[in-house]
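Sharing the record's features from Swiss-Prot:
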type	residues	note
TOPO_DOM	1-62	topological domain 'Extracellular'
CARBOHYD	Asn43	N-linked glycosylation site
TRANSMEM	63-83	transmembrane segment
TOPO_DOM	84-92	topological domain 'Cytoplasmic'
TRANSMEM	93-113	transmembrane segment
TOPO_DOM	114-135	topological domain 'Extracellular'
DISULFID	Cys135-Cys217	disulfide bond
TRANSMEM	136-156	transmembrane segment
TOPO_DOM	157-181	topological domain 'Cytoplasmic'
TRANSMEM	182-202	transmembrane segment
TOPO_DOM	203-241	topological domain 'Extracellular'
TRANSMEM	242-264	transmembrane segment
TOPO_DOM	265-275	topological domain 'Cytoplasmic'
TRANSMEM	276-296	transmembrane segment
TOPO_DOM	297-309	topological domain 'Extracellular'
TRANSMEM	310-330	transmembrane segment
TOPO_DOM	331-345	topological domain 'Cytoplasmic'
Amino acid sequence: MHFLSQNDLNINLIPHLCLHRHSVIAGAFTIHRHMKIFNSPSNSSTFTGFILLGFPCPREGQILLFVLFTVVYLLTLMGNGSIICAVHWDQRLHAPMYILLANFSFLEICYVTSTVPSMLANFLSDTKIISFSGCFLQFYFFFSLGSTECFFLAVMAFDRYLAICRPLRYPTIMTRRLCTNLVVNCWVLGFIWFLIPIVNISQMSFCGSRIIDHFLCDPAPLLTLTCKKGPVIELVFSVLSPLPVFMLFLFIVGSYALVVRAVLRVPSAAGRRKAFSTCGSHLAVVSLFYGSVLVMYGSPPSKNEAGKQKTVTLFYSVVTPLLNPVIYSLRNKDMRKALKKFWGT
């Protein structure tokens, strides 16, 4: 019989919903029941999946979390969907900046859909089991969409650089054809970046408890469940995972450094404010996304590492897609007008 270590019982609890003694007891009984399932002889050869612990708490807490994340998911779909429709129907927004924004909003819908529906099913499930194929499909789409988001943020920064630093040549450089090619390349590069390492990890053998202390299939807990360590695969993934994040972040920083230098040369204060206002929304979105990612990769390990990983992942995969439409609509007058027209207000 395989027993849980102290780290396995280090459960991250949602504030105000699961912060009492009964939550811990319920979580312990849940883990104990799952351990029986996985380690019983009758199930060792037939079971093909993992257990996602998610946010362990009593049944009432699970229902409240289900309602909360359902509302967040629907608001995210509505906000990003509104931007897509506004750009599609308003002729004034048929410019590269807004075409990129509409594609980015579609990406955000895909990104949040890769995690939240499975979370909602997990809240209502007694077993909290996810199949091997379901786990690795979520693994692939979550990381591929995250990489695609990094590429899109870099392309949008490049667009702002051209608009401010090369205003006279902008219409001839950022053509509809170039914009389309950039969008396609973002999707293609994002989806091929992690393909080989994820396929290699999926071919490894897993044994032990098969309990993942997360709300999604994350590589860190997955690799700890392998029967035989694969240092080469772990090294490749640990290098490939942060590489697009930091490379594209440096590209964005460099682009905005040139933008700031160009804006500071504008003689009038009104001109400087207008130039900065065109970049403000994108800078806010970049700060939200990369701020949470840098906390994930840059902060030292903590005692409750699993809890930190859940919190940070929840922020940039669920909260950020919810806030992005609000940021773009508040900071952009043309987008506000288009959204008001779309909603008939």
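Including glycine, each Cβ sits where the backbone N, Cα and C put it.
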Near Cys135 (disulfide bond), which residues of its own chain have a C-beta under 8 A away, given they sit six or more steps off in sequence?
Gly49, Phe50, Cys217, Leu222
Can you tell me which parts of the same chain pack against the topological domain 'Cytoplasmic' (265-275), counting only residues 6+ beyond its ends and a CB-CB cutoff under 8 A?
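That would be 164, 259.
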Looking at 63-83, 93-113, 136-156, 242-264, 276-296, which one has the highest count of Cβ pairs under 8 angstroms to the transmembrane segment (310-330)?
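Selected stretch: 276-296, with the most Cβ pairs under 8 Å.
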When you measure from the Cβ of Cys217 (disulfide bond), how many other Cβ atoms are you left with inside 10 Å?
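The answer is 23 other Cβ atoms.
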State the non-local partners of the topological domain 'Cytoplasmic' (84-92) in its own chain: residues 6+ outside its ends, Cβ under 8 Å from one of its Cβ atoms.
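For the topological domain 'Cytoplasmic' (84-92), the nonlocal Cβ contacts are 98-99, 101-102, 105-106, 334-335, 338-339, 341-342.
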What are the DSSP helix/strand/coil residue counts across the topological domain 'Extracellular' (203-241)?
16 helix, 4 strand, 19 coil
Using DSSP, break the topological domain 'Cytoplasmic' (84-92) down into helix, strand and coil residues and give each count.
8 helix, 0 strand, 1 coil
Limited to the topological domain 'Cytoplasmic' (265-275), I'd like the whole-number average of pLDDT.
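Across the topological domain 'Cytoplasmic' (265-275), the average pLDDT comes out at 79.
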Any residues 6+ beyond the ends of the transmembrane segment (93-113) with a Cβ under 8 Å from its own?
73, 76-77, 80-81, 83-84, 86-87, 141-142, 145-146, 148-149, 152-153, 155-156, 159-160, 163, 174, 176, 179, 182-183, 186, 278, 317-318, 320-322, 324-325, 328, 334-335, 338
Which residues of the same chain, at least 6 past either end of the topological domain 'Cytoplasmic' (157-181), have a Cβ under 8 Å from a Cβ in it?
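Apart from its flanks, the topological domain 'Cytoplasmic' (157-181) reaches 96-97, 99-100, 251-252, 255-256, 258-259, 262-263, 275, 278-279, 282, 286.
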Check the DSSP secondary structure of Cys135 (disulfide bond), expressed as helix, strand or coil.
helix
